[in-house]
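First the structure, in the form of structure tokens, and then the observations on it.
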């Protein structure tokens, strides 16, 4: 799961960069730069994810790595209990599976443009290769193949750019950046009425990009907390560098007279094929042998992200659901076999969704929003806010879920039942069929507001329940989640037994929760163990319990 905690800077930097630089990343960046009325101003992913990695490195990498966790869900289960950990596993799992499905879907779309082969077969073969080497080697095989894949992405895209740029049908991108030639400037602009929508999406990328197991798997595999921080900063730089060829390809697409190419008289935007601008540029503006290099880049990008997400989902299931909840005395080899089985199951599920579900991108957008709205505020509380408990966590989960789902999701044709201030009805015209589709656009930054409401709900309900139980206004028998009165005593006993029966499990990995009994509010209910920054835990609780 964490590669023996000895992933070095070179391999670690490559694998963390390759995880973010997927098929959706390079295709999506090119698409937004190309789209009229959007342009570079709305291509937020490169800057958003780079800032996300910097923020993660500055504030989250050190406390997570120094406390010796194995997965992102460990601190949640230790502070809020197994059941709450299981609830938080749901949006985390959805995010990983839908992300894998989305990048595999991007591979299918790319292959359909460049090569005349069966899309389903190519996606299945690519997925099987990624699943096979992930099954065999776990994090090590994912990390080392990421080094090769990132090199392929870099080489494949950069080789393609000069050929595409020098095509006679392409106008100088320096001119089309300022003037309207074939469409509006590819630099784009942010109109005043969309500024809050832009800010909401940018905050989603920065803060919502942190609470992912794919990120923390690399952080927790670093050989030290300092290395974990450096890996994040290296990956931030890598994400920006890898986005440059995608931005250039999007700009080339916006600067092309498509009538002069083999593509046809209508531009991709007029055929509703803007999302495929990167493979279209490779196919129609580059020589055939160069477009195959580009195809290799996209295929490598897809595998580098799909394998990471599948491994992350199976790691969380094997440790936080199977081991912590059902089989606490399971041996290491049993956990590894459970991981291998779930790698295959989750990989098959992602592949099936990529091939059978037309709305896989919509599912990923919604699930990534839920990661931002639900998991990020809980991660803040578990690491930096003293005194939160399971009651606050449940309230935060419900508040965040209702406020986000209430805003609707146009990609899934999910109508809103909460109309936030400034909402407008927009129309989307399908150019080929002439159909007009109406949807509600929420211009209010409701995703970030939902995240803040979830954070405040966690703190408020935690302190309220602690006050009610401590003051005697509520009887201790109503503490049905054992979150205040008998704070996780059973789980501490379980962990003590687990350590005493298995010599190879280190105390640093378990990071136990110490039960503190005192008369004051802070003394009774503050989880000093999980909130301290002193790194590894003292063994006293285990010795006392035994």
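Glycine residues also receive a Cβ, built from the backbone N, Cα and C atoms like all the rest.
Quantities reported herein were computed from a predicted structural model and do not represent experimental measurements.
Database features (TrEMBL):
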type	residues	note
TRANSMEM	7-26	transmembrane segment
TRANSMEM	46-64	transmembrane segment
TRANSMEM	85-107	transmembrane segment
TRANSMEM	119-140	transmembrane segment
TRANSMEM	147-165	transmembrane segment
TRANSMEM	196-215	transmembrane segment
TRANSMEM	227-252	transmembrane segment
TRANSMEM	289-314	transmembrane segment
TRANSMEM	335-356	transmembrane segment
TRANSMEM	362-384	transmembrane segment
TRANSMEM	391-407	transmembrane segment
Key: Leading contact stretch, 227-252, 289-314, 362-384 vs the transmembrane segment (335-356) - CB distance under 8 Å   = 289-314
Message = So, taking each listed stretch (46-64, 85-107, 147-165, 196-215, 289-314) in turn and counting its Cβ pairs to the transmembrane segment (362-384) that are under 8 angstroms, which one gives the highest count?
response = 85-107
Query = Are there at least 3 C-beta pairs under 8 angstroms linking the transmembrane segment (196-215) and the transmembrane segment (289-314), leaving out pairs fewer than 6 apart in sequence?
reply = yes
Same-chain residues at least 6 beyond the ends of the transmembrane segment (119-140) whose Cβ lies under 8 Å from its Cβ atoms = 1-3, 7, 104-105, 107-108, 111-112, 217, 221, 299, 302-303, 306-307, 310-311, 336, 339-340, 343-344, 347-348, 350-351, 354-355
Note = Between the transmembrane segment (85-107) and the stretches 46-64, 147-165, 196-215, 227-252, the largest tally of CB pairs under 8 Å belongs to 196-215
